[in-house]
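What TrEMBL records for this protein:
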SIGNAL    1-22  signal peptide
REGION    187-217  region 'Disordered'
DOMAIN    192-548  domain 'Peptidase S53'
COMPBIAS  207-217  compositional bias 'Polar residues'
ACT_SITE  E268  active site, charge relay system
ACT_SITE  D272  active site, charge relay system
ACT_SITE  S466  active site, charge relay system
BINDING   D508, I509, G527, D529  Ca(2+) binding site
Amino acid sequence: MVSAGLLKVAVLLSLAASGALGRSIPMSRRDTAASGFTLTGAAAPDTPLTLKIALTQSNPSGLEDALYDVSTPSSLQYGQHLSKEAAAAYVAPSSETTSAVNSWLQQNGLSATTLTPAGDWISVETTVGQANELLGASYNAYTHDSTGKQVYRTLEYSIPEELESHVAVVHPTVMFPKYSTLSPIVSTRSSKRQQTRADSLYGIPTTPATESSNTLGVTGYGDNWANKADLKSFLSKYRTDISSSTTYSLETLDGGSDPQSSSDAGVEADLDVEYTVGIATGVPVTFLSVGETTNDGELDGFLDTINYYLAQDSPPQTITTSYGDWEPDIDEGMAVNLCNAYAQLGARGVSIMFASGDGGVSGVQSKDCTTFLPEFPSGCPYVTSVGGTTGTNPETAVSFSGGGFSNYWAQPSYQSTVVPEYLKYLGTTYTGLYNASGRGFPDVATQAQDFEIVTGGSAEPVSGTSCASPTFAAIISLLNDELIAAGKSPLGFLNPWLYSTAASALTDITSGNNPGCNTDGFSATTGWDPVTGLGTPVFSKLKTAAGL
């Protein structure tokens, strides 16, 4: 007896061989190019084009269950993180899916290269002309107004109806790239020694870490490069107790680099490296410089970054990223796929931090808006979103701290108590401006204003949740160092732990708000709030909550 699945594949192969895959279904479309892009003209048919295709994952709900099993302190499987192969198995496409897609490509004279351990992403080297035929598309050349970079995009695309259950996303198609959508704000007033303030505020130890296997990954994109001379100057000024020669190691992706001329130093990269190396004393820090070989900006960088880490046998136990995008600007299928990739890393024992954005309720940056704009990837429930505070005695929410509720992901189980309490406090305020059933963010916060950095040889103060994410990541990496030294597992995906065992190890921030979209934004209050999350860290209490 032939199974229904095998019969379906046989029929599909037969249709492909006869060229009968004629009827197509639309996958995605947009009316106009993204803001900031100008149509240059039709792309030449012989223009090379690399398509990345996300195949339908076999068991993403199983991955989520496994992630929570190893990340929830009350679970018997807590800390028993999955192997690379076990995590990948949950999202590996079925043999039916792989066969169907490969036969479609072969019928069109194309072949695929597998991009991920799970095989859920493949790439295809083709041309604009072939892609237009393959996808019922019309690729044009568009120029980014402020950078002059050219990209090839179509305003709509489709796939054969028979592949509807096998293909999740094709990229690049309708999503336009973003360039440097989240970067620290250079402050105009005099700086204070923020790193020392973080030490004293949060009780961060300065004794060196001991475990060389415990690493901290910092991601950087485009031409934002870290500078070792700047780091040396920073350490000479603020960490006189350690060698000023302490530095980071470099990894590159997509043609990334790290030139060391002072004129090449990037504010973002210098900030992220200085406040990870400078706070996580003795923890090996790796700077991953992701280039723009495809001129596709940070979105393509996010995809390639997560696939790069997934392919590693031993990825960093802690990763911090100070870049983001507006959630509505990311195709939902792409966003879900990226989020599931973060779940894979989390299930393997990696803690992933993202800055929550610098536009208050308007998202990544201040922007005209009629409804609140959530930030991506902060809306993904499998990452830890870090908001910002300012001041001391007491700390208050900083006004630009991004926060809100996702329109793509529902409220996760770890927020089932705290978010309803906030919604009750909020009442009918802002009804219709946000998704009350969505995943709330940020999860935590740290100081985010007037961080003094050294960049291009000069000291200057900067502000933004770009300051907060590396600070919190440094704290987590120090906890991981102690856990590994004690023969225990690293913390991995943090949120179930933060919202339960570790909730009392955070200082609740109860004042301040995050205006945007012509409103005062959300207000910080007792308990979790979409401005500062659960609050700011107290290292000694987090250490106790981690079982140390």
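Placement of Cβ uses the backbone N, Cα and C atoms for every residue, glycine included.
Features recorded in TrEMBL, as mapped to the structure shown.
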residue: E268; record: active site, charge relay system; Cβ neighbours (10 Å): 24
residue: D272; record: active site, charge relay system; Cβ neighbours (10 Å): 31
residue: S466; record: active site, charge relay system; Cβ neighbours (10 Å): 29
residue: D508; record: Ca(2+) binding site; Cβ neighbours (10 Å): 19
residue: I509; record: Ca(2+) binding site; Cβ neighbours (10 Å): 28
residue: G527; record: Ca(2+) binding site; Cβ neighbours (10 Å): 16
residue: D529; record: Ca(2+) binding site; Cβ neighbours (10 Å): 31
TODO: Starting from E268 (active site, charge relay system), work out which of the binding-site residues listed here (D508, I509, G527, D529) have their Cα within 10 Å, and give them in sequence order.
DONE: none
Task: Length of the line joining the Cα atoms of D529 (Ca(2+) binding site) and S466 (active site, charge relay system), in Å - done: 19
Open item on the list: Considering every residue in the domain 'Peptidase S53' (192-548), what is the mean pLDDT value?
Closed with: 94
TODO: For the recorded Ca(2+) site, whose residues are D508, I509, G527, D529, find every other residue on that chain with a C-beta no more than 8 angstroms from the centre of their C-beta atoms, and list them by sequence position.
DONE: T510, A524, T525, T526, W528, T532, G533, L534, G535
Task: Nearest-integer angstrom distance between the alpha carbons (Cα) of I509 (Ca(2+) binding site) and D272 (active site, charge relay system) - done: 24
Task: S466 (active site, charge relay system) and G527 (Ca(2+) binding site), distance between Cα atoms, whole Å - done: 24
Task: S466 (active site, charge relay system) and D508 (Ca(2+) binding site), Cα-Cα, nearest whole angstrom - done: 21
